[in-house]
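For reference, the structure discussed in these notes is given below.
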Amino acid sequence: MLCATSRLLAARAASALPAHPRGRGPAPRSRRRELHFPGHPELPPGDLLAGRFAGPSVSTGRRAILRRGRMPPAAGGGLAGSELRPRRGRCGSQAARAAGRDVATETATARSPKRPAPLSSRRFEAAGRWALLALVTLTSFATRFHRLDQPPHICWDETHFGKMGSYYINRTFFFDVHPPLGKFCAFLGSMLIPLAYLTVLELSRSLPAALLTAALLTFDTGCLTLSQYILLDPILMFFIMAAMLSMVKYNSCANRPFSAPWWFWLSLTGVNLAGALGVKFVGLFIILQVGWNTLSDLWHLFGDLSLSMVTLGKHLTARILCLIVLPLALYIATYAVHFMVLNKSGPGDGFFSSAFQARLSGNNLHNASIPEHLAYGSMITVKNLRMAIGYLHSHRHFYPEGVGARQQQVTTYLHKDYNNLWIIKKHNSNSADPLDPSHPVEFVRHGDIIRLEHKETSRNLHSHYHEAPLTRKHYQVTGYGINGSGDSNDFWRIEVINRKFGNRIKVLRSRIRLIHLVTGCVLGSSGKVLPKWGWEQLEVTCTPYLKETLSSIWNVEDHINPKLPNISLEVLQPSFPEIMLESHLVMIRSSVWTSFFLTTFLQGNNGLKPKDNEFTSKPWHWPINFQGLRFSGVNDTDFRVYLLGNPVIWWLNLLSIALYILSASIFAVAVQRGAHLPVKVEGLSQVLLRGGGQLLFGWMMHYFPFFLMGRVLYFHHYFPAMLFSSMLTGLLWDTLLRLCAWSLASYPLARCVHVLGILTLLLGTAYSFYLFHPLAYGMVGPLAQDPQSPMAGLRWLESWDF
Amino acid sequence: MLGFLQHPVMVTAEVNLNMVALTAMGLLSRLWQLAYPRAVVFDEVYYGQYISFYMKRIFFLDGSGPPFGHMLLALGGYLGGFDGNFLWNRIGAEYSSNVPVWSLRLLPALSGALSVPMAYEIVRELGFSHCAATGAALLVLIENALITQSRLMLLESVLIFFNLLAVLSYLKFSNSQKHRPFSPRWWFWLVLTGVACSCAVGIKYVGVFTYLLVLGVAAVHAWHVIGDQTLSNVRVLCHLLARAAALVVLPILVYLLFFYIHLLLLYRSGPHDQIMSSAFQASLEGGLARVTQGQPLEVAFGSQVTLKNVFGQPVPCWLHSHQSTYPMIYENGRGSSHQQQVTCYPFKDVNNWWIVKDPGRHQLVVNNPPRPVRHGDVVQLVHGMTTRLLNTHDVAAPLSPHAQEVSCYVDYNISMPPQNLWRLDIVNRESDTDVWKTILSEVRFVHVNTSAILKLSGVPLPDWGFRQLEVVGEKLFRGYHESTVWNVEEHRYGRSQEQKERELELHSPTQVDISRNLSFMARFSELQWRMLTVRSDDSEHKYSSTPLDWVMLDTNIAYWLHPRTSAQIHLLGNVVIWASASLATLAYALLFVWYLLRRRRRVCDLPEDRWLRWVLAGALCAGGWAVNYLPFFLMEKTLFLYHYLPALTFQILLLPVVLEHVSDHLCRSQLQRSLFTALVVAWFTSACHVSNMLRPLTYGDRPLSPSELKALRWKDSWDILIRRY
């Protein structure tokens, strides 16, 4: 990714020197001259040339181009040479060229070149930019790889994501923190910073803004901590940022559609989207953002009457191919690999349907062969279709006094057990043993009245007008009768969903409902855990509400009937699309993608079991850095790591969002009121409104949806949004300082304002990092309340717990 | 001076007979036999209990919506002279003679009736013809579901009324914007918009969606005002400020007013007190106030207190201890300290009393003058009945093994020293020297030796702990959470030196008096917060449905069945109207996208003013439908068909708009237009016919034979009750 970017940039830099393409004004170069910082040695030679040859070539396309939403340059006084030169022949910022043109005519006539600069400084400047990028990258790698091996034990979420990693590698439950995996995460975490740097550079065309962003992210303890552990977040954030960068890049290529770089960035966007979605569902938000960007892009193209419908069709097709078909194909391919690798039975089995389990080796359904159709006399287990409910179960224990009738309990149970076995009998005949070989086989059909006899206790599945133990509005379900003889309350009608009467009932594939004949209620499980008398199994009820919900639908899983021929389950195995669908449904229905694994894997008590309200937090906590997350270390003497953002940076980000909204609204209102802004200010306002707008949108897309989620939320969910808000901060402060410098332009040292401002921010963040770095690299010693602690005086909020 | 006498006094009145006729028909359809059935119908059983509370001035808490709607219903009861004595316990129960059924049902019925002429006005204000406007009003008039819903003591029709009023007054306002801004008429409609929005939100939270829609449209219009360069900057500012005041500030004030009146009316304590904080309860007449009235305010060393947990989940409870000890070995084989249990107990009990003791002294009485306890002081808590000290130590708690066990220390003479010092941390302190106050202070107890925090884990203990709730010392999580916060509820200064006397003292009720009043804003914010967070349990219902069932009316609700005959009331819509309204919305969306794309390519099918009219009608009607419908997909509560009615009303308004558009712009020749008109007339006749057929189920006035009932069951998913004889 990085290599590709850099090679391309190199190519651009190399090709930047030759003559301008026809029809494009040489304007920006002359503008640069005007903006340069007095005493700055490197005046790009391009400027000189432009200044010399700049004729009165007034552009025709400025309005049109601005309207089409391309990014204009950051104009205004400031660090000379800090703005990227628009690149000819490549996808440069179109508006950068355009917006400068008007200025060009003014300045070219108004001033003459101050002094010629050596041609080599051109190359020198390019090299300087490269050095800066290298520096940024190096710093980020240095901070992320520093003390990567500490602490040597497992931290918080690593327990499950690490396990998943080892899952893939060993296909067993053996667990060890694999160093390569840790380094991989740190590598991706480090890559975030150059990506953010390049994105801001592309959006603002201003090196200081990009540098500030990079510093904010490098020196943020939260990002640092998150990158040092084996978690999914660095991977997710990497894909999000990569998608954002490639989107911004392909926006810049819009003036040269269907060129190689255009295709490259467009398809790279697609690839990164697939990656983001494949890691976590949170990746969906960046997809929405790219989708929105694409739609507005298409909308602009559609309004351009110079484009024929055929061209528009091509544009549309290209986007569908690269942004929908390509990611989808990659996503599905990932799943195919996932299912091929994970083909062994494990603790997650119970969550999946019987048919799904059949393809896991080690599961008793794998390669099993059982009779296909249910017949009277068959011994079966019945599984609820809702996830994590389990098998219909009964045992030799009665409901306690005061809980409905004192009859045998019926529950659901998640594990395989002899007490899950039931025998299907005809409702009216008990005498003739259906397993008697002389008897002909009689299949159970849709709509038949049956009786289910519990094999171990010979009691019938029974229901009556007593309220269920926990769900008061439902009826109680019990085991009743002796040796299979009970009463008419033992009769159930068996129905297959979406079938006609008289059809046979298939093992695994048929979705059945059991309807109580007398009361007309439906057998279901409420999913509530019974108290101790019920062995903490789940409650089974008969619900009088006939709504079709999954908790009242069952399927037959095991089936034993010696009189019927066994068929291999292979034919019953679901196809790949069905597997895809089911595993997604399971993930969505468990609604807690993370806690799905947490509950599965953290059963063993490792002392860090998340109980509600302990590690979880509310979305409004996040931007204000209200409360961190304890990564490792419990006692005061332990080596402790605490996931908390660098408060200086986070609060600066928060302030910047407010400031951004304020300044952007001022500009928007001014434009709407028809105010005529000076050209430089207009350029800056375009950066603010367009570039900043995209970043603000990204922040909102990655933050606000969490308010709607009912799931368990953790502090680290905010980090993708935090990346966007840091980029916004960089862009905003650079622009504001440039505006300041511009408004003070009459004073002698006005331009220092920009330099000083940026330097102050850079040094400030670096210093705050110096203060707070123990949060990420680990602290030993007493807690921060104690004056002896290394962190004494830094506990600025009561809620911080380090 | 007497100049006015020189001219005759002229009154010129224009009466729109359409409006008059529509209003009359609306009133007739909604008020006809209003007091029938004289029995509790469906959700009347739910709203009725709150009306009774209002009549008796008893405080209640209802999480389903803000109080304005309940107050309106109660107003009907007040006007009818209802005394609140009726047991609202069963749907179908016969009303006793003291219940003024007619006046209780009057306000919803009036709202429903007035929605008819308002539909007419809205379509007129949108700029469409009288014919379309009359059509919209007639459709609202004959929609069976709207009739049913407005004839009962329910809130949907009132909500719809205010939704429509908000839209109508905004339209009137924006139409007068063009000609005479800042005229009285302009102000009137602007203010009315704000008030109507606020009323809609005050009835049900879903009203907020219509409010947001109106705000959105107003924002777009305001943006155009900003862009209008013929206006001076000052004038633009005036425009913006006027809108902000009327559409943002005013609704908030009105909303607060509802709560103010609500709290003013309900001043007696009642069954829902428990959920509220001690301070809130103390502000109500009776209940806790009677107990806490006149307690000393400042907790001093030697004070006797009960400590209530602020979180109160799963139930509100008090810190408690009793003679029993933790079992030596738990069921899972872990060991305990075998010391005296400390729990949280949800009932008042003499064992809830604790004495605040100064660790440096031995006395358990309050000095004269009392020495108040301040933030940061180290205290010991002595259990009143057993005189044992609250203690925690490095032993795993019974059910939350990651936390420390909390016990009352029993000296077994083994190597387990007492660790019974607690530092007082007043969470809501204003300064670091704040005094610990009864009821008002929220405090945490931080254990001095281990820095664990006294916390209610909320897990019920097994039988050995009498199913009381577990209390633990939390070590891992030291951030703020309500489960670690406690407040003093009952309080008195201890006077008795001897244990025997002290026990007697503990048994006696507290007295003395000072009254403590919470400010309105404090009470409002607490009440609003509890209303939003209170959870209704187990909400499965026979007639619940999903939003997808609503669009094509795949479900219904049986509201009432006559106790003897088969006369019954159903919430059942006019299928023709529902289906065609949905189709109209779809047609609007398709046409809109088509026009939009063509305009983008500079092909203008509609003249500019027609286009703007078409967009505004869509934004308000289709938008109104969308904002009142789509959010239900994200809601997790139990949903019913009647939740769709506000959305449906907006959809019905769109229907004649689309029809008129088709006739004006898509029918190319006169012949086509005539044909189309004929079709519309036929369609409308069928809607009337369907409405008439369903009338017995709407009014429930006529018993139907089983075969008639079967004939009315047009969809398998409809639940029509057929008696088995």
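Cβ coordinates are placed from backbone N, Cα and C, and glycine is handled just like the others.
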From B:88-110, B:640-662, the residue range that TrEMBL assigns the feature transmembrane segment: B:640-662
Helix, strand and coil counts within the domain 'MIR' (B:296-359) (DSSP): 3 helix, 30 strand, 31 coil
Positions whose Cβ lies under 8 angstroms from the transmembrane segment (B:575-597), at least six residues beyond its ends: 139, 142-143, 551-553, 605-606, 611, 614-615, 618, 622, 625, 648, 651-652, 654-655, 657-659, 661-662, 683, 686-687, 690, 714
Outside the transmembrane segment (B:209-226), six or more residues from its ends: residues with CB under 8 Å to it: 163, 166-167, 170, 174, 177, 193, 197-198, 200-201, 236, 239-240, 243, 247-248, 251, 616, 619-620, 623-624, 627-628, 631, 646
Criterion met for the transmembrane segment (B:58-79) and the transmembrane segment (B:247-267) (at least three Cβ pairs under 8 Å): yes
Highest-contact recorded stretch vs the transmembrane segment (B:153-174), from B:247-267, B:611-634, B:640-662, CB pairs under 8 Å: B:640-662
Intrachain residues whose Cβ lies under 8 Å of the transmembrane segment (B:611-634), provided they are six or more past its termini: 122, 126-128, 163, 167, 171, 206, 209-210, 212-213, 216-217, 547, 550, 585, 588-589, 592, 595, 599, 604, 643-644, 646-651, 653-654, 657, 661
Helix, strand and coil counts within the domain 'MIR' (B:370-427) (DSSP): 0 helix, 26 strand, 32 coil
For the transmembrane segment (B:674-694), sequence-distant contacts whose Cβ falls under 8 Å of one of its Cβ atoms, 6 or more beyond its ends: 135, 138-139, 142-144, 572, 574-577, 580, 659, 662-663, 667, 712
Stretch-averaged pLDDT - the domain 'MIR' (B:431-491): 85
